[in-house]
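Asks: So that we are looking at the same thing, I have put the structure below in structure tokens.
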């Protein structure tokens, strides 16, 4: 068997040869561009979904607790005896106590409501990647007894403060007899800025656990115990198992109940994009059908000559299958190149567009990130290319079959 096959060589000559009808060339170009556009847009869209999934893992699942256990009746007393039991539950990577309360940060006339979280600076390194997102390595200087607070970058901008400034936090009065009195006012030193480039930056403040216990007059009590799971997708079962070992009336929560909708939305959009890919490329491949049908009519005399020279039906069919595949392959390769280049430069391109229009497309106080990420997967490119070529092959079959049934005698006699 020779390579390249004769059918490929003739199909290549047919696709590159001069056509008597200009409409054939126009439809051929349109079909190629349609396939290229569909492939490029799909690679770009799938890469954006991969980027969102990566950032969800890095900026949400890596910094928020995978599970939380809190008593029905606050505060959580006796947690010191329960913590070791939770850490021994299979699948639990780490566990640590925390205190959670709502506060109002004040700087001059500027106010910002935040969720204040009291954490153990040493334990938090085991529990999450939150310390990695604090600027200027400020987490190393984060300790109890020094009236420190780490605030999100969005909070810092809203209050117009920078690292080293002082702010006032107002918290509810913990004395039952003074509930209606003015809240406690505590001066705190901004020891660090948290930069997650997303929603958490606009409503989170961190203080040392011992300081939080002192501010709230909680003694040794805490709000709950945060859990890190080895497998984030088994968090529901894991936190349920951990709740059972406490032998107490507790409420359990997992990240799936709080942020799981993001992951489900990403998977749903990815599925929709695969369906859109088939539709867009399929419509472009219909143009291949039109191109080949017109090309068969345009090349009918050439087909008749080949048949009189002894070319079998299979050769004629293969010629036009190659003809359609070459059009699909050209569009797919062009689209893949454009899609890959655009994907690798997607974030800078979006930043440029935002600078040009003077408006952010993704606002950090609404979405969990404030930029458009991308991550190119070779498997996605191969799947898109493969689907495009298969659809091109299917679109080429009918015109190729029609070409193989041309009667050379009728064509050469002019009928």
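Here the Cβ of each residue, glycine as well, is placed from N, Cα and C on the backbone.
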Asks: Which stretch, out of 272-295, 344-367, is listed as transmembrane segment by TrEMBL?
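Replies: Checked against TrEMBL: transmembrane segment maps to 272-295.
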Asks: Tally of helix, strand and coil residues over the domain 'ABC3 transporter permease C-terminal' (275-408) according to DSSP?
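Replies: Counting residues per DSSP class in the domain 'ABC3 transporter permease C-terminal' (275-408), I get 105 helix, 0 strand, 29 coil.
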Asks: Kindly state the mean pLDDT of the domain 'ABC3 transporter permease C-terminal' (275-408) in the predicted structure.
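Replies: Summing pLDDT over the domain 'ABC3 transporter permease C-terminal' (275-408) and dividing by its length gives 78.
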